[in-house]
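**Student:** What TrEMBL shows for this protein is this:
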- B:37-60: transmembrane segment (TRANSMEM)
- B:80-101: transmembrane segment (TRANSMEM)
- B:113-131: transmembrane segment (TRANSMEM)
- B:160-182: transmembrane segment (TRANSMEM)
- B:222-241: transmembrane segment (TRANSMEM)
- B:261-280: transmembrane segment (TRANSMEM)
- B:301-323: transmembrane segment (TRANSMEM)
- B:343-361: transmembrane segment (TRANSMEM)
- B:368-394: transmembrane segment (TRANSMEM)
- B:414-434: transmembrane segment (TRANSMEM)
Amino acid sequence: MESGKNFIVGIFDDESVLLSAVKKVRGSDVKIHECYTPYPVHGLDDELGYKRSRISIAAFMFGITGTCLAFLMMIYMMGIDWPMIIGGKDHIAIPSFVPVGFEVTVLLSALGMVGTFFVISNLKPYGKPRIYDIRSTDDKHVMAIDLAKNSKSSDELNAILKDSGAVEINEKKF
Amino acid sequence: MEVTSPVREVLVTGNKTYHDVSHDICRHVEAKPNPKWMAAMALSLGALFVGGYALAITLWDGIGMWGLNKTVGWAWDITNFVWWVGIGHAGTLISAVLLLFRQKWRTSINRAAEAMTIFAVICALLFPLIHTGRPWLSFYWFVPIPNTWGSLWVNFHSPLLWDFFAISTYFTVSLVFWYIGLIPDFATIRDRATNKISKAIYGGLSFGWDGAAKTWQRYETVSLVLAGLATPLVLSVHTIVSMDFATSVIPGWHTTIFPPYFVAGAIFSGFAMVLTLMLVTRKVYNLEDYITINHIELMNIIIMITGSIVGVAYITELFMAWYSGVQYEQYAFLNRATGPYWWAYWSMMTCNVISPQLFWFKKIRTSLWATFILSIVVNIGMWFERFVIIVTSLHRDYLPSSWAMFSPTIYDMGIYLFSFGLFFTLFFSFAKFFPVINMAEVKAVLKSSSGEIENKK
């Protein structure tokens with residue numbers, strides 16, 4: 001974690017105020033570092049200009065990998081390495097490989113996607129989050145603005161935040 | 001943007017603020033265990049230890065301690081297995097299927113229902129594992145590992161192996177789904193914590209969650225995709241469990257109706273168990289504002305629908321036995337209803353087909369006591385359903401000289417008791433140390449303050 005970074009932290013009471021505030025703040029040429037909310041606020045990602053998450057593509061790729069691995073494994077084991085006749089079925093009987101193929105697809109897809117989510121969002125056991133305001137996991141919405149990334153002074157930012165409905169404005173150093 | 005119909009009733013009553021939600025749920029985690037909880041925990045630990053004795057004897061002396069015989073080679077263990085797996089269907093159904101259908105009322109009950117699912121699946125896994133006789137070797141029988149390590153490859157043509165894959169996948173995916181939902185709530189507990197130990201524990205469990213908008217966006221995508229994956233998964237699990245029976249050539253098992261019939265039955269019993277547990281949790285934790293009569297009524301309606309599907313399936317089975325003209329099949333069903341196990345069959349019919357029909361009356365489906373009693377009746381019925389399917393189909397073998405009856409020994413009963421002890425020990429630990437309601441999701445559907453702010457402008 002870099003040290004000596006200064007943030008202006010605006011605290012909001014309500015999601016609809018936050019949404020309009022994000023619009024206003026971005027409209028007055030201020031770069032928002034990130035917003036922190038106690039629950040998923042719908043439409044916030046659009047207001048902040050975030051693109052749609054591509055994590056579902058990761059899930060699909062992991063799923064396809066699972067299907068292929070499962071079928072290759074079963075075909076190799078039952079058909080190539082040690083072929084046996086069981087219940088009069090073909091050695092490589094695709095219909096009886098479907099259930100396991102499906103389960104492995106789901107398993108790999110789910111685990112792969114969640115693993116990807118943890119890695120890209122930097123979530124790990126005993127991960128240390130940067131907390132701008134401790135109430136952001138309870139009932140307050142928090143907007144953090146990085147002073148170094150904006151040309152405006154902290155007084156100007158304070159005024160913009162106040163104007164857009166922040167109930168409290170703090171400065172936070174990391 | 002989300003559009004919420006103004007006609008809909010509020011999901012959370014009592015004019016809760018966001019902070020109230022955090023407080024109402026977290027205070028149970030933060031408080032010292034109350035005496036009622038301790039008594040309940042002691043009771044389930046008692047069941048765990050008493051049942052543990054039966055389990056230990058079974059492991060030491062072998063499954064000959066059970067009441068099985070040459071004819072009835074599957075009885076209580078598989079009955080219990082299917083029963084627990086069935087119960088383990090409601091949680092993921094609530095969290096996945098109802099998420100896809102945008103049923104927002106699920107937010108107050110999904111956490112506890114998913115927890116219950118995971119614990120029920122753990123109980124279920126216990127039974128096939130000990131039925132192998134030597135569980136410490138079962139690694140070689142279930143997991144595909146190279147020949148030089150064990151015997152031959154596992155048999156991928158066998159439904160029993162499909163079942164292993166289905167249930168272990170189901171368990172893993174449900175656990176992951178549940179945990180993803182828990183992370184934001186653990187962060188809430190972490191940030192409220194006043195003592196060092198709980199700060200460290202919940203800090204570790206919360207994975208460094210900060211509630212950033214970008215993370216929430218990914219979180220929602222992950223939940224949606226997981227729901228999409230878990231929906232066919234939850235349907236596949238009981239389908240495959242039913243194939244353990246349906247792909248055999250035993251009269252009464254060899255039917256194509258089994259997969260949908262088992263899935264409906266699983267949802268039926270799962271919702272009943274969710275209701276049994278939630279009614280108690282709601283009362284003990286004063287969660288009446290979160291789990292309202294409306295929630296209970298909706299769940300009762302699901303029980304009524306799935307119970308009716310199960311009823312139709314029973315009647316279809318009887319019809320098909322007659323219509324097929326196969327005398328083995330006809331005898332199997334005649335024997336179920338009028339043979340030596342008639343009492344099990346009629347208990348099943350009463351509990352599963354007749355009792356859920358009572359929910360047609362609004363008075364009954366909105367009554368807490370009626371719901372509580374019927375939810376237990378349903379699960380008794382569902383246990384008998386599996387017992388009827390398994391034991392009555394086996395006990396009349398093809399040769400009358402091999403006909404037999406099954407009677408359980410105290411070890412059969414003890415292990416069943418053990419599974420109850422395990423289930424409730426896990427559930428009570430969950431109810432004490434984990435947030436029983438998904439706070440973040442409840443806050444997202446609360447929308448109480450939005451209207452007020454809108455008016456102020």
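Using N, Cα and C of the backbone, Cβ positions are placed for all residues, glycine too.
TrEMBL: automatically predicted annotations, no manual curation.
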**Student:** When you look at the transmembrane segment (B:368-394) alongside the transmembrane segment (B:261-280), do they share 3+ Cβ pairs under 8 Å, ignoring any pair fewer than 6 residues apart in sequence?
**Tutor:** yes
**Student:** Counting Cβ pairs under 8 Å that sit 6 or more residues apart, are there three or more between the transmembrane segment (B:368-394) and the transmembrane segment (B:414-434)?
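**Tutor:** No, these stretches are not in contact.
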**Student:** Mind checking which residues reach the transmembrane segment (B:222-241)? Cβ under 8 Å, same chain, six or more beyond either end.
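**Tutor:** Distal contacts: 82, 85-86, 89, 92-93, 95-97, 99-100, 159, 162-163, 166-167, 169-170, 173-174, 176-177, 180-181, 259, 262-263, 265-266.
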**Student:** Counting only residues 6 or more past its boundaries, what in the same chain has a CB within less than 8 Å of a CB in the transmembrane segment (B:37-60)?
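**Tutor:** Counting only partners 6 or more residues beyond its ends, the transmembrane segment (B:37-60) has Cβ contacts under 8 Å with 66, 130, 135, 284, 410-411, 413-425, 428-429, 431-432.
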